[in-house]
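Participant: Got a structure here, written out as structure tokens. Questions coming.
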Amino acid sequence: MSLCTAGQAGPTELIFYVNGRKIIEKNADPEQMLLSYIRKRLRLTGTKYGCGGGGCGACTVMISTYEPVSKKIRHCSANACLLPICSLHGVAVTTVEGIGSSKTRIHPVQERLAKCHGSQCGFCTPGMVMSMYALLRNHPEPSWEQITSALAGNLCRCTGYRPILDGCKTFCKEPSCCQSKENGKCCLDQEDKLKEEEISTKLFSPDEFQPLDPTQEFIFPPELMTMAEKPKRTLVFQGERTMWISPTSLKELLELKATYPKAPLIVGNTSVGPEMKFKGMHHPIVISPTRILDLNVVRYTDKGLTIGAACSLAVLKDALTKIVTESPGEKTQIFRVLLHQLKTLGGQQIKNVASLGGNIMSRKSTSDLNPILAVGNCTLSLASRERTRWIPLSDIFANGIDNNTFSPEEVLVSVHIPYSRKGEFVSAFRQAQRRENALPIANAAMRVFFVEGTDIIMDFGIFYGGIGSTTIYAKQTCEALRGRPWNEEMLDEACRLVLKEVSLPGSAPGGKVEYRRTLIVSFLFKFYLEVLQSLNWKDPHQYPNIPEKYGSALQDFQTQMPQTEQIYQKVNPEQLPRDPVGRPVMHQAGIKHATGEALYCDDIRAVDEELFLAVVTSSRAHAKIVSIEASEALREPGVYDIVTAQDVPGKNEFFFYSDAEIIFAKDKVICVGQIVCAVVADSAVHAKQAAAKVKIEYDALEPVILTIEDAIKHNSFFEPQRKLEKGNVDAAFETVDQILEGEIHVGGQEHFYMETQSVLVVPKGEDKEIDIYVSTQHPALIQEMVSSCLGVPANRIMCHVKRIGGAFGGKIGKAGLLASVAAVAANKTGHAVRFILDRGDDMLITGGRHPVVGKYKVGFMNDGRIVGVDAKYYVNGGCTPDDSILVTEVALLKMDNAYKIPNLRCYGYACKTNLPSNTAFRGFGFPQSGLVTECWITGIAAKSGLSPEKVREINMYKETERISYIQELHPENLINCWKECMEKSAYYSRKTSVEEFNKQNYWKKKGIAIIPMTFPFGINPGFLSQAAALVHIYTDGSVLLTHGGIEMGQGIHTKMIQVASRELKIPMSNIHFCETSTTTVPNACASVASIGTDVNGMAVKDACQTLLKRLEPIISKNPKGTWTDWIKEAFEQSINLSSTGYFRGYNADMDWEKSQGHPFTYFVFGAACSEVEIDCLTGDHKNIRTDIVMDIGCSINPAVDIGQIEGAFVQGIGLYTMEELKYSPEGVLYTRGPDQYKIPAVCDIPEQFSVSLLSSSQNPYAIYSSKGMGEAGLFLGCSVFFAIWDAVAAVRKERGLSGTFTLNSPLTPERIRMACADQFTELSAKDEPVSFIPWAISI
């Protein structure tokens, strides 16, 4: 290709710096992102892959640039997964390794996040560190608003964010006191009081922290300053498939666009990048205009602000802030509205690189800025080689996405944003699945200009986003309203006209059609109120004010820095200082997490001649495979081979039940996302490109069963079906005062572990031995499954797990299938094979939490006493059994939660459908069946006229009982948790306050709910809870500890070292844990069901006691000797310094024929009280406060345990209020990444968040009287669900909507809004279900 049009330039050397080291790349490929470059080329693996689309923050780095005009250095956070390396010429990059390490000196950010317990699995921690570090480089003493903004683009699935914020808050110049005397209490008063008691609120000591010294940071490389000062030259980088051209002048850019009109312009790569990665788009030429001064202008004029198209959104924010600060308020309405929307638009990393021009020119419907820019009469400066012109920005949205306002040769140079005029009012609105860092479901911008001194409309503008294919102008509506006064008649007419003009078909992409229609008019009503209020402020005599009860409708929810409290029991004063049990010990890998030194599966260095694997998955839900055509894929560069079912030397199927788990689909496919074949190539990129070229021909098969309703219709269930019965339900129904019948749908949930499924298979070259490094909770199962598929004995398969980046139940059987795929490929090729799933493929293939439909009939007395329950639970299991039958069993066994049900009959059905099979997930059925129970408890309260908490108290277990399956329950600590939670939350006084608030506010409502919890602990059958450990003592006195548990964030290795430290009476620093491996501990059970610490702790204790018993004679002879003295003496006496430890497991059994058994070992109790506020017009909600009290026996490590409770609770908030899986009517998963699937972020945790551990109690079944509690806290997230329910009930009561109602889970903004029925929901057209094919179905 000729380069003559690229300024006569030849291929360029790419020069940039990483962590102070100069990088010269002579073969820069425009398609290579910084993330893969620093990980694979520079071996800096601290920066993690989490999603590949800039949505999770795991790959955050800091980029620094020198601006020769201003002579300033700019530091900002950015997503390495979106940064093409070609964009980094002259840039300094800092990764987590560059700011500190355990080998040199750790940075204060790293230290504080680790010591404040801000890491659990640790996979997200480097990204958190770098977001905070970039903030501190610009603001050494940040405000809390800056901290929450900096972290808005970072996701964590483990911690619940509280400890991360605790670490970050220590840099804040503002006081950490709650500054509140609510209920007559202040946090500082509380601390003084607690000092007098035997409880503590301190999980870390700030006195230990090293100070932040900005003078010790990296200096910007002088060479890059010199480069920046020199005259610029055109940069050209030629890759394997793509050429990158970076011109230096507008003239040169226009020449390039004339020559290559289809070449996209790339600034931040936040739009083009994801399209190339996720949609397979390829551009032979891309042009980067970032160095052109004309496109980076920021000019303040007497008419407004002119800003260059290449300016980032962060630069736009700074410019707007300056002009708002320095100009009169009436002139800056548009600027203030833009600033307001910029707060929630993307994470900070995206705002730092995404350009204003890209936002405009992409014309995406989901842009939050385009409606404002359009309604604000902004103009665009366009240029081509032929001409230069200014056009109104609104023109590019006329006639939809396909209009031809500008030609492909034209370039957007700048945008002019005018001052607003006197008598003009501008506002904007948005609603998203999550308040921050989420694309809007719908948005709007509105502007009205009145005839001077009146409320007569002279000009009106209404633009909507999220409704059509691009931003929509309600032109006809606006024209019809000119000349009308601003009153209710105008509003009514406006709503009618706008719904007619801005139409949305029932099958519209994105779904939520009735909700989006409602938002169209709800936004309009909000604007009406805002303007009315503003008119009143200007002239109270001429214009009436809005009703006082309507005022809160105009206040958006804002993210606050949470005020938190953690209360736990202090250790006994007589406990030896060296004994770490019961103390808040930092995670043993916490520092390594924060420095990026902690290694995960894909961080393992490249093996010689290793190959990379990509899978080809089914695009049909149920079909016969006619042919697989791979010839084109085999011709792709770097491709080594194709792997299919024919290449499996052993068994292609693995059986847990009568239906098989399938490795490669052979004759037919049974879900979208099933693995059909795989491609192995010399790079991950080549493997994926080739996989896209494999063509599979199908013949459709019937029936296609996707939903629970489909399964019931076709009687499609896995066997066995389960029944649990106690008493006589039919007779009970004859005696009751009232009967409640209903149905609730509980949606599924994606695990969204931060580290995707990962495996590296390394053939050892003899005796068919294979090393497998895999991210799994169950190495022994991996060993068994790979052994089966390869047809070799298990003793040739060695599985190794150092740590995994989250799991939550999702890395057991699924990890086994994926490891088997990689093992078959390694066996066929003889090469090591690395298989790392993309986030999208991970979500598509692996399934998640089971959706459940609960149908119930409950008989109760007028005083609220439950007499009988008849319930059916339908669980959507997917296409193979996996854990679905076990989940169904646990859902039945735990459905009673905390309540005595004298007569009970429950059925459980695991539905067989054509979806990827669902699997284990934290809580394992209880979060679904428990929610169903609390749903009918709430229904009983409504029907009986009692409050929900009274119905709960009336029916709660109060004395020793035999529960539904005849196991004995001692509920003392359940009652204690309930009472303490009531007291700590000040429930009744706050309930009164909530009721008062609701009387005074019509469009905002508060709700409060308190939920008890009984969580049976254990796993059935009992042999699944056996455990073993291996402890070596070396002659220098150091100890190597191994056990069968997997570290996935729950701190099991930390706790095992604490156990060994106590038993051996040596410091924790003497003890090291290396890895979990099938070579050291065989046949280890899975780390599931919260049992890890219980069972492995017993095994470690056993091994250590054995060793100590051997050492006793030596110690007694030399009691003043040191540990090292004793060990050397033992060696010289030929005493075995290695010991295994064993725990045979718990006794557990269940006879389903008799509905009797002892399936659980003990019970974990808890209670949570949550308060929320909802916006009745949008469905948005804010989590105001949560108080949790948990009984976990005697905590081994309060910091770890409280972190687990908080993390589980926030994951529960996600399950019950926001995480929503969307499938097409053909069974295709839409929600394949953080852009579409929203887990809780920093903005979602309660503003006041308290966790208290109940005073220590004895638990004879577990190590040191502790309790396994990793899962239990998730269910308490439903306290937020029922607080929202309470708020919705207040709305419906005020609206005169009588009768019981049911809200399905998750309680998304859509469901909240549509339950708050009003005149606007009535206005929105309702489509007959048979009149259209919906975009998505409820599974």
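Cβ coordinates come from backbone N, Cα and C, glycine included.
Just lifted these from TrEMBL, have a look:
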- 12-99: domain '2Fe-2S ferredoxin-type' (DOMAIN)
- Cys51, Cys56, Cys59, Cys81: [2Fe-2S] cluster 1 binding site (BINDING)
- Cys121, Cys124, Cys156, Cys158: [2Fe-2S] cluster 2 binding site (BINDING)
- 237-422: domain 'FAD-binding PCMH-type' (DOMAIN)
- 265-272, 355-359, Asp368, Leu412, Arg430: FAD binding site (BINDING)
- Gln777, Phe808, Arg922, Ala1089: Mo-molybdopterin binding site (BINDING)
- Phe924: substrate binding site (BINDING)
- Glu1271: active site, proton acceptor (ACT_SITE)
Participant: Just give the helix, strand and coil counts over the domain '2Fe-2S ferredoxin-type' (12-99), going by DSSP.
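Facilitator: Its residues fall into 16 helix, 31 strand, 41 coil.
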Participant: Far apart in sequence but close in space: which same-chain residues, 6 or more away, have a Cβ under 8 Å from Asn269 (FAD binding site)?
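Facilitator: Same-chain residues close to Asn269 (FAD binding site) (Cβ under 8 Å, separated by 6 or more) are Leu82, Leu83, Pro84, Ser87, Val353.
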Participant: How many neighbouring Cβ atoms, not counting its own, are there within 10 Å of the Cβ of Cys121 ([2Fe-2S] cluster 2 binding site)?
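Facilitator: Result for Cys121 ([2Fe-2S] cluster 2 binding site): 30 other Cβ atoms within 10 Å.
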Participant: Taking the Cβ of Cys56 ([2Fe-2S] cluster 1 binding site) as the centre, count every other Cβ atom within 10 Å, in any protein chain shown.
Facilitator: 32
Participant: Can you tell me which of the binding-site residues Cys56, Cys59, Cys124, Leu265, Ser355 is spatially closest to Ala1089 (Mo-molybdopterin binding site)? Compare CA atoms only.
Facilitator: Cys124
Participant: Could you state the whole-number distance in Å separating the C-alpha atoms of Phe808 (Mo-molybdopterin binding site) and Glu1271 (active site, proton acceptor)?
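Facilitator: About 9 Å separates the two Cα atoms.
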Participant: I want to check the contact list for Cys156 ([2Fe-2S] cluster 2 binding site): same chain, sequence separation of six or more, C-beta distance under 8 angstroms. What comes out?
Facilitator: Cys124, Met128, Ile164, Met754
Participant: Calculate the distance in Å between the alpha carbons (Cα) of the residue listed as 'active site, proton acceptor' and Arg922 (Mo-molybdopterin binding site), and round it to a whole number.
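Facilitator: Distance between the two Cα atoms comes out at 5 Å.
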Participant: Say you check the Cα of Val267 (FAD binding site) against those of the binding-site residues Cys51, Cys121, Arg922, Phe924; which is nearest?
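Facilitator: Checked the binding-site residues Cys51, Cys121, Arg922, Phe924; minimum Cα distance to Val267 (FAD binding site) goes to Cys51.
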Participant: Give the sequence-ordered set of same-chain residues, not counting Gln777, Phe808, Arg922, Ala1089, with Cβ within 8 Å of the centre of the Cβ atoms defining the Mo-molybdopterin site.
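Facilitator: Going along the sequence, the neighbours come out as Ala807, Gly809, Gly810, Ala920, Phe921, Phe924, Met1048, Ser1087, Val1088, Ser1090, Gly1270, Glu1271.
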Participant: Ranking the binding-site residues Phe808, Phe924 by other Cβ atoms within 10 Å, which is at the bottom?
Facilitator: Phe924
Participant: Write out, in the order they occur in the sequence, the residues of the chain not among Cys121, Cys124, Cys156, Cys158 that have a C-beta within 8 Å of the mean position of the C-beta atoms of the recorded [2Fe-2S] cluster 2 site.
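Facilitator: Other same-chain residues near the [2Fe-2S] cluster 2 site: Ser119, Gln120, Gly122, Phe123, Thr125, Arg157, Thr159, Met754, Gly805, Gly806, Gly1049, Gly1207.
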Participant: Would you count the other C-beta atoms found within 10 angstroms of the C-beta of Gln777 (Mo-molybdopterin binding site) for me?
Facilitator: 26
Participant: Out of the binding-site residues Cys59, Gln777, Phe924, give me the one sitting nearest to Ser271 (FAD binding site) by CA distance.
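Facilitator: Going through Cys59, Gln777, Phe924 one by one, the closest to Ser271 (FAD binding site) is Cys59.
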Participant: May I ask which of the binding-site residues Cys56, Cys121, Gly357 is closest to the residue listed as 'substrate binding site' if we compare their C-alpha atoms?
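Facilitator: Closest by Cα distance to the residue listed as 'substrate binding site' among the binding-site residues Cys56, Cys121, Gly357: Cys121.
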Participant: Write down the Cα-Cα distance for Cys158 ([2Fe-2S] cluster 2 binding site) and Cys51 ([2Fe-2S] cluster 1 binding site), rounded and given in Å.
Facilitator: 16
Participant: Given the [2Fe-2S] cluster 1 site residues Cys51, Cys56, Cys59, Cys81, which other residues of that chain have a Cβ within 8 Å of the mean position of their Cβ atoms, reported in sequence order?
Facilitator: Leu35, Lys48, Tyr49, Gly50, Gly52, Gly53, Gly54, Gly55, Gly57, Ala58, Asn79, Ala80, Gly127, Arg839, Pro1234
Participant: List the Cα distance (Å, whole number) between Leu265 (FAD binding site) and Cys158 ([2Fe-2S] cluster 2 binding site).
Facilitator: 38
